[in-house]
Amino acid sequence: MWNSFSIRYIKENRTASLLLSGAVFLASMLLSLMTALAYNLWTDHVKQETAKGVTKVEPTALFVVYAVILVVMCAALIAMIHNAFAVSMQSRLHQLGILKSVGATPRQIRTFLLQEAMTLSLLPMVIGMVLGIGVCWIFVEQAIRLGQNLGLDIQYQVAFSYHPLAAVLSLAAAFFTVLISAWMPAKKVSRLTPLEAIFRGEEPLPDKMRSFRLADRLTGVCGVLARRSLHNRRKSMRAAGLLLSLSFLGFFLFLTVETISGLSTQETYYDKYHDSWDIMLSETGTASDTIENVSAAAPDTTENVSAGASDTTENVPAAAAREDSLIMQLRAIPGVRQCISYVMADTTVFLPAHLLSGELEQIGPKTLLPEAEKSSRQGQDGWLVPAHLFVLDDKSFDEYCAGEHISSESGAVAINLLWDERNSDYMHREYIPFVKEGGGELYMEPSSGEEADGGEQPGRASILSYDACATALPQIREELEQKALNIVMSESAYAASAGTFSGKNYNILLEESIRENEQKAEAVEESVSTLVPDEDYTLEGRIREETSDAAARKGLRIVMGVLAGLLACVGIAGVLSATLGQLYQRRKEFARYLSVGVSPGDMKKMLFLEGFFIIGRPLLLAVLLDIPAAALMLWMSPPTLEQYLAHLPLVPMLLFICFGAVIVLAAYAAAAKRITGGDMVEILRDETMM
């Protein structure tokens, strides 16, 4: 009896049945798509880590975000399908009340409703799962093709992958989503008494609605009626509105963050070093990070490591004084305009008080240099301050001095800049002189606990002499150490103290004609790679890196657009369910409008305004939250408002807005056509008509 009753209801209410099946189909497809996409993201991550030599692969923060999105989507799908089933069951309260009055138990009513729900859901569930896998396959293949067209350097095999367990997981998720969604309204309906069920169809009394005078004045009576209708149905629209808001807000915030981040990277890295380097060749061996063995190499108490060019040449081994053969080969490559060999090192120096600049002496070194400590050497009072050394090959050091219009016999130049953080921030730095102009002698400190030969006495400081000051670094891909005394040295002067070098960097700048042609730049990069073994050096290309970064950002936009689109799809599906599914239940509302003289054209306008409000509220919320977020990020980043507005991602934003607006308005257009084309008197008279 129950089976025949269900079959009869499904046949006589095909539109409602199709809406329920459509909601289940969409939920199953989205869950299958998200599951397949998650599996492919994980397998791709495993391949990436394996290609890097990682044996134990751990999930990244992206997968945590993805899991949160998946949980939110499941909850939203449950709300959407629950709303669809609730609308269908509420429309049958009169019939269910009659059944209960003749002896149907709550358990029978609940079982009957669940059986009917599963009958309508099983086939759409399976079809949706298969289609979701197909959509994921298309997406992955298009992503692979996009990466190939953009020339991404991928060191592993990329292909679509799927596992039967993923299919089982997505099907189980869809099944339990439908079961929970149908169980909640079925349980609620089955608990009603026969009288409550029979008379439940009466409309509740309208409650107070917030007024918006400007909106009411702009939209007129139709706008007020549209807002009243949405207000009365706000519970059924709550999940859909929340998801639409999250999708708009998430996508807009992502575009804002990505745009400002891209502008910041372009300004602080690619544009900043555009004229400094094109190719960077670095030794992978352990670099000389500290000068811990400087004093151990000094035979006397106060050996002057840079007493003069002629003395340096006599004291330094010939192999250290000569330029290495690799830099000569690099400079000989056609298209190479400049090649600088350099290493960096950190140490601590004793700075005599009489060498402090007047500004720093007045402020106090401890104010701007937290690591500075008072000390004394050779009867002189002074300060122990951190120092950062840039050691260039001899030829590059001479060219640097010539470019700065200075001369250095000692082979060391002090960068006379210290960041005054009291009167400036990190984006707009202002500097004061660190030392007095001219030259002086600094004492390079040994490492703590270092012992001299024999191990009886602690190591002794070496003297570092500088005889010139400058205000700019050489043309290399490095920045000033803001809380240290920066010193540029020649390789010969440094070798006299520290001995051999390791961890060298070769900063290569190409000719202008080569830089403008990506293929020619790659050819020079290939020539560089043939000179060194892969296991001993790493090779970076600025031009290639900039292209790859742009490609990665474009791909990330596509991925985030898809994720936001999925959230929007769930929200829009909820809107469609609430709009078309409740169309029959709103028959009294529309008949009442006709009875008081509302024309079909005005009803169309009212429904259009409903769709406009549904899509407009989430959009307005997203814009209102995105504007202060963008202002805050611009305040914290180097790009200006003019730069951001010039690169404002209007096209993807408008496409996303149009995507949601077209579907919602199309649903309301279909609803308006059905309403204005039907006979309200017949609809009110026939309780079975759909």
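Using N, Cα and C of the backbone, Cβ positions are placed for all residues, glycine too.
The transmembrane segment feature in TrEMBL is assigned to 62-85 (among others). If you look at the transmembrane segment (62-85), the same-chain residues 6 or more away from its ends with a CB under 8 A from one of its CBs are 19-20, 23-24, 27, 30-31, 34, 38, 41-42, 45, 117, 173, 177-178, 180-182, 184-186, 236, 238-240, 242-243, 246, 563, 566-567, 570-571, 573-574, 577-578, 581.
Look at TrEMBL and you will find 68-194 (among others) tagged as domain 'ABC3 transporter permease C-terminal'.
Per TrEMBL, transmembrane segment is recorded for 117-140 (among others).
For 160-183 (among others), the entry in TrEMBL reads transmembrane segment. If you look at the transmembrane segment (160-183), the same-chain residues 6 or more away from its ends with a CB under 8 A from one of its CBs are 24, 27-28, 31-32, 34-36, 39-40, 43, 74, 77-78, 80-82, 84-85, 113-114, 117-118, 121, 125-126, 128-129, 132-133, 136-137, 140-141.
With a cut-off of 8 Å between Cβ atoms, the residues of this chain six or more beyond the transmembrane segment (237-257) that come close are 72, 76, 79-80, 83, 230, 557, 560-561, 563-565, 567-568, 570-575, 577-578, 614-615, 617-619, 621-623, 625-626, 629-630, 633, 649, 652-653, 656-657, 660. The transmembrane segment annotation in TrEMBL covers 237-257 (among others).
As annotated by TrEMBL, transmembrane segment applies to 558-584 (among others).
Sequence annotations record features per position, and here TrEMBL assigns domain 'ABC3 transporter permease C-terminal' to 562-671 (among others). Predicted-model confidence for the domain 'ABC3 transporter permease C-terminal' (562-671) is 81, expressed as mean pLDDT.
When Cβ-Cβ distances below 8 Å are used as the criterion, the transmembrane segment (612-636) is approached by residues 226-227, 230, 237, 240-241, 244-245, 247-249, 251-253, 256-257, 260, 571, 575, 644, 657, 660-661, 664-665 of the same chain, each at least six residues removed from its ends. The transmembrane segment feature in TrEMBL is assigned to 612-636 (among others).
Here TrEMBL flags 648-671 (among others) as transmembrane segment.
Outside the transmembrane segment (117-140), and at least 6 residues removed from its termini, the chain residues within Cβ reach (under 8 Å) are 6, 10, 17, 20-22, 24-37, 40, 85, 160, 162, 167, 170-171, 174-175, 178-179, 182, 186, 562. Across the domain 'ABC3 transporter permease C-terminal' (562-671), DSSP helix (H, G, I), strand (E, B) and coil residues number 94 helix, 0 strand, 16 coil.
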